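Everything below concerns the one structure shown next.
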Amino acid sequence: MNEVENNNHSFPREDIPTEDEIEEEANSRQGILRYFRVARAEYTKFALLGLMFGIIGFIYSFMRILKDMFVMVRQEPTTILFIKIFYILPVSMALVFLIQYMLGTKTVSRIFSIFCGGFASLFFLCGAVFLIEEQVSPSKFLFRDMFIDGKMSSRSLNVFKSMFLTLNEPLATIVFISAEMWGSLVLSYLFLSFLNESCTIRQFSRFIPPLIIITNVSLFLSATVAGAFFKLREKLAFQQNQVLLSGIFIFQGFLVVLVIFLKIYLERVTMKRPLFIVSSGSRRKKAKANVSFSEGLEIMSQSKLLLAMSLIVLFFNISYNMVESTFKVGVKVAAEYFNEEKGKYSGKFNRIDQYMTSVVVICLNLSPFSSYVETRGFLLVGLITPIVTLMAIVLFLGSALYNTSMEESGLGIVNGLFPGGKPLYVLENYFGVIFMSLLKITKYSAFDICKEKLGMRINPTYRARFKSVYDGIFGKLGKSIGSIYGLLMFEALDTEDLRKATPITAGIIFIFIVMWVKAIIYLSRSYESAVQHNRDVDIDMTEKAKKSLETPEEPKVVD
C-alpha cells in the first residue's frame, strides 16, 4: 500500500484542502453526527473501511460462538487450555515471525491481502470437509473410551485427556484455532495496522470511535444470527447440520473475498487522489528502509514505554483467560446440574455476552465517553479496565468460591468457609457473563482506545513492528500463560474443575492488577507529554538508538 503521504506531485495543491480545513468540517457536526466526525471528502474512504471492519468483526463474533459450541459439544472446556498452549501459541508465534519477515519486502497492505486470501481458502476448505467429515475423521470414541470408568484417570495420565480430545475432533480444533487467529491477526493487528498507515494521527482519532460502533453492530447482528442458527440446528438431523455448517463456512469465505475486493477498490480508486494536505502536526516521518525484527526487539529491550505497553497487554490477557476458563467450566457444571444440552446452554450465555457487549459499546461511543482520553485524560480511561478486573475477582470469583464450598469440591479451607446451603449456579453464570462482557466492553472502549492512541504517537518507522510485538506476541503469550496456569491447576489439584483453584486465581490476578496500574500511570505521563508538545511519544530509550529514528521529509498530502 502507498503511504498516506504520497502522490503530492500528481495533483495541483489548489484543488486539495488542508488537513485543518477537513478537521474543521468534521468537528462541526451537530447532534448524533458529532460522534461520526467524518468530512464530506472522507465519506467514501470511511464507508469502505467501515464495511471492511464490520465484515471482519461479524466473522470473528460468529466464529467465537461456533468455537465454543464445538468445544462444549465435541470436546471438553479443559481442551481450550491445551489448544491455546500447544496449538495457538506456536501457530501465532510462527505467523507473527512470518509477518515480520514479510515486512522486510512487502507492505502492510500486501500482507493484509495475503492473510485474507489464506483465511478465505481455509474457510472454503472447512466448508468442503464438513460434507465428508464422517468419511475422513476418526471415530468420535477413539480416545474417549480410554477415560471412561476411571481408565487412565490417574493423576499422571489424566492430563493427556485434553490432548487426545483435540486429536479425536480435529475439525473442532481447527475451527477454534482459525477463530483465534482471525481475531488476533486480522481483526486486532493487520486491519488496525492497515488503518494506521491509511490515516494521519488526527484522522485516525476521528475514525476509531465510529468504526468501533460499526463492529459492535456486527457483534449484535452476529448474536441475532447465532440465535436463529441454534433454533434451526435443533430441527435438523446430523447430516443436515453438516450441510448447514458447510454453508456457513463457505459463506464466510465469500465474505473474506469481499473484504479483499473492498480493499482493492479503496486503494486503487478512492485513495488514488489525495484527500488533503497534511499539517505539520500530523506529518509522518519517513520510514527507514530496512528495519529487521531483531533490531526492533533490541530497541524495545531498551524502551521502558514499549515494555510497559507489552506488560499491560500481557496482564489483561492472562487475567481475562483465567476468568474465562473459570466461567466456562462453571457453565458446563451448571448445564449438567440443570440437565441441559451443553452447546445450547453455552450458546445462550454467548449470545447474552454479545448482545450486552455490542449495545453498551455502541452507547458509549455515541456518548461523551468516546472522547474521554482527550477530555478527561489517558490515566482515567486507562484505569477503567483494571478496576473492572478487580470487581470480577470480588463478585464472579467470589460466587465460584461459594459454589465450590457448597459442593465441598474446593480447597480444604474453602469447604468450611460458608454455612450450609445450595450452590447458586445461576448467580455464578450470570456474574460470569456480565464480567466477561464488561471486560470486553472496557477493552474495546477504554483499553484498546488508549493503546491505539498511544501507538499512533510512536514513530512510524517502528510502529508496525512494535505493534506486532506487544499486540501479537504478548497478546498470545498472555493467553497461553493463562492456559498453562489452568493445566497446572488441572494436574496439581487432580481435577477438571478449575473453580477449585479460585483462591489462587484471585490472588494472582490481584498481583497483576497492582503492576498493571503502575504501568498505566507511567504510560499516561508519556502520552500526555507527547500530546502537550505535539510530537512523537518518547519511547524512553538510549540516545544512540534514538538517532536512527529521525529522517526529515517535505510536506506531503494524504490519500
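Glycine too: its Cβ is placed from the backbone N, Cα and C atoms.
Remember, predicted model here, so these are calculated numbers, not experimental data.
The compositional bias 'Polar residues' feature in Swiss-Prot is assigned to 1-10.
Annotation source Swiss-Prot lists N-linked glycosylation site at ASN8 (among others).
According to Swiss-Prot, the feature N-linked glycosylation site maps to ASN196 (among others). DSSP assigns ASN196 (N-linked glycosylation site) to a helix in the three-state reduction. Neighbours of ASN196 (N-linked glycosylation site), defined as other CB atoms within 10 A of its CB across all chains, total 21.
According to Swiss-Prot, the N-linked glycosylation site annotation covers ASN290 (among others), on the basis of sequence analysis.
The N-linked glycosylation site feature in Swiss-Prot is assigned to ASN403 (among others). For the recorded site, ASN403 (N-linked glycosylation site), the DSSP three-state label reads helix. Every protein chain considered, the tally of other Cβ atoms within 10 Å of the Cβ of ASN403 (N-linked glycosylation site) stands at 26.
What Swiss-Prot lists as region 'Disordered' is 1-22.
Swiss-Prot lists 46-66 (among others) with the feature transmembrane segment, giving sequence analysis as the kind of evidence. Sequence-distant contacts of the transmembrane segment (46-66) (same chain, at least 6 residues past either end, Cβ-Cβ under 8 Å): 38, 175, 178-179, 182-183, 186-187, 191, 195, 198, 207, 210-211, 214-219, 221-223, 225-226, 229, 248, 252, 255-256, 258-259, 262-263, 265-266, 270, 347, 350-351, 354.
Taken from Swiss-Prot, the feature transmembrane segment applies to 79-99 (among others), supported by sequence analysis. Remote same-chain partners of the transmembrane segment (79-99), defined as residues 6 or more beyond its termini with a Cβ less than 8 Å from a stretch Cβ, comprise 71, 111, 162-163, 165-166, 173, 176-177, 180-181, 184-185, 189-190, 293, 321, 325, 328, 468, 472-473, 476-477, 479-480, 482-484, 486-487, 490.
Within the chain carrying the transmembrane segment (111-131), a Cβ under 8 angstroms from the stretch's Cβ atoms is held by residues 99, 102-103, 171, 174-175, 178, 181-182, 185-186, 190-191, 193-194, 242-243, 245-250, 252-254, 256-257, 259-260, 263-264, all 6 or more beyond its ends. What Swiss-Prot records for 111-131 (among others) is transmembrane segment, and it gives sequence analysis as the kind of evidence.
Feature annotation from Swiss-Prot assigns transmembrane segment to 174-194 (among others); the stated evidence is sequence analysis. Residues 1, 52-53, 56-57, 59-60, 63-64, 66-67, 70-71, 80, 83-84, 87-88, 91-92, 95-96, 99, 108-109, 111-112, 115-116, 119, 122-123, 126, 263, 452, 463-464, 467-468, 471-472, 475-476 of the same chain, all 6+ positions outside the transmembrane segment (174-194), place their C-beta atoms under 8 angstroms from a C-beta of that stretch.
If you look up Swiss-Prot, you'll see 210-230 (among others) marked as transmembrane segment, on the strength of sequence analysis.
Positions annotated as transmembrane segment by Swiss-Prot, on the basis of sequence analysis: 242-262 (among others).
The feature transmembrane segment is assigned by Swiss-Prot to 305-325 (among others), with sequence analysis given as support. Using a Cβ-Cβ cut-off under 8 Å and counting only residues 6 or more beyond its ends in the same chain, the transmembrane segment (305-325) has close neighbours at 77, 80-81, 84, 299, 385-386, 389, 392, 396-397, 432, 435-436, 439, 443, 447, 451, 454-455, 466, 469-471, 473-479, 481-483, 485-486, 498, 505, 508-509, 512-513, 515-516, 519-520, 522-523, 526, 537-540.
Residues of the same chain lying 6 or more positions beyond the ends of the transmembrane segment (354-373) and with a Cβ under 8 Å from any Cβ of it are 32, 35, 61, 65, 209-210, 212-213, 216-217, 219-220, 222-223, 226, 380-381, 433-434, 437, 440-441, 444-445, 449-450, 453. Taken from Swiss-Prot, the feature transmembrane segment covers 354-373 (among others), and the record attributes it to sequence analysis.
What Swiss-Prot lists as transmembrane segment is 377-397 (among others). Long-range contacts of the transmembrane segment (377-397) within the same chain, counting only residues at least 6 positions beyond its ends with a Cβ under 8 Å from a Cβ of the stretch, are 315-316, 319, 323, 326-327, 428, 431-432, 434-435, 438-439, 442-443, 446-447, 449-450, 453-454, 502, 505-506, 509-510, 513, 516-517, 520-521, 523-524, 527-528.
Long-range neighbours of the transmembrane segment (425-447) within the same chain, counting only residues 6 or more positions beyond its ends whose Cβ lies under 8 Å from a Cβ of the stretch, are 212, 216, 312, 316, 320, 323-324, 326-327, 330-331, 333-334, 337-338, 349, 352-353, 356-357, 360-361, 364-365, 369-370, 381-382, 384-385, 388-389, 391-392, 395-396, 399-400, 402-403. Residues or ranges marked as transmembrane segment in Swiss-Prot (evidence: sequence analysis): 425-447 (among others).
Residues of the same chain lying 6 or more positions beyond the ends of the transmembrane segment (210-230) and with a Cβ under 8 Å from any Cβ of it are 35-38, 46, 49-50, 53-58, 61-62, 65, 195, 244, 248, 344, 347, 350-351, 354-355, 357-359, 361-362, 365-366, 444-445, 449. For the transmembrane segment (503-523), same-chain residues at least 6 beyond its ends with a Cβ under 8 Å from one of its own Cβ atoms are 304-305, 308-309, 311-312, 315-316, 318-319, 322-323, 326, 378-379, 382-383, 386, 389-390, 393, 397, 401, 410-411, 413-414, 450, 454, 485, 489. Within the same chain, residues 78, 80-82, 84-85, 88-89, 92-93, 96, 155, 158-159, 162, 184, 188, 310-311, 313-322, 325, 411, 500-501, 504-505, 508 sit at least 6 positions outside the transmembrane segment (473-493) and bring their C-beta atoms closer than 8 Å to a C-beta of that stretch.
Recorded residues ASN196 (N-linked glycosylation site) and ASN403 (N-linked glycosylation site) have their alpha carbons 46 Å apart, per Cα-Cα distance.
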